[in-house]
Amino acid sequence: MRRAVFPGSFDPITLGHYDIIERGLTLFDEIILAIGINADKKYMFSLEERTRFMKEAFKNEPRIKVMTYKGLTVDFCRTQNAQFILRGLRNPGDFEFEKAIAHTNRKMSEIETVFLLTSSGKSYISSSIVRDVIRHGGDYTGLVPDTVRVNK
Ligand code: ADP
């Protein structure tokens, strides 16, 4: 069983994440979408909202699980018997950032990080841009799965 953890903040999940997850399902038997809990970070959506958006988006896909975790991603992978971390790459900035994390994780564990390049047309989407659009009352619906809706 090839099991991967896709860690992130998912504040909120976007069509960029969705694309990486769908394509990841061709490589792995199971993917755990793991929402990292960081007490120092301010989020737009609560943990409950972020979890619900993600669970609903994949409610018809039994090979996707949504979980939350605290602490090191590699420790969480071990508790879940996951051999892989899945991450997406949009641009050289992502690459530099992700490279350092992947090397560090590899130093601490035997877990491999697998990167998928964003599909063309999705590379500009980020949770922070979605949050900006929402904050300023713009139409965010083309950037996120239908399950992400704001009633604020
Ligand atoms: P983090 O806070 O860990 O950066 P995010 O939720 O912002 O968490 O992102 C999680 C993962 O999704 C990262 O690997 C990021 O590169 C990837 N990702 C985000 N947006 C896109 C996108 N548009 N295309 C491909 N990968 C993406």
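Each residue, glycine too, has its Cβ placed from N, Cα and C.
Because TrEMBL annotations are produced automatically, they should be read as predictions rather than curated entries.
The ATP binding site annotation in TrEMBL covers Ser9, Phe10, His17, Gly88, Leu89, Arg90, Glu98, Lys122, Ser123, Tyr124, Ile125, Ser126, Ser127, Ser128. Same-chain residues at least 6 positions away in sequence with a Cβ under 8 Å from that of Ser127 (ATP binding site) are, in sequence order, Ser9, Phe10, Asp11, Pro12, Ile13, Thr14.
Note: Lys41 (substrate binding site) has non-local neighbours Ser9, i.e. same-chain residues 6+ apart with C-beta under 8 A of its own C-beta. TrEMBL lists Ser9, Lys41, Thr73, Arg87 with the feature substrate binding site.
For the domain 'Cytidyltransferase-like' (5-132), DSSP puts the residue distribution at 51 helix, 29 strand, 48 coil. The feature domain 'Cytidyltransferase-like' is assigned by TrEMBL to 5-132.
Sequence-distant contacts of His17 (ATP binding site), defined by Cβ-Cβ distance under 8 angstroms and a gap of at least six in the same chain, are Phe6, Gly8, Phe10, Gly88. Marked as site 'Transition state stabilizer' by TrEMBL: His17.
Cβ neighbours within 10 Å of Thr73 (substrate binding site), excluding its own Cβ and spanning all shown chains: 22. The subset of binding-site residues (Glu98, Ser123, Ile125) lying with their Cα within 10 Å of the Cα of Arg87 (substrate binding site) consists of Glu98, given in sequence order. Looking just at the domain 'Cytidyltransferase-like' (5-132), the mean pLDDT is 96.
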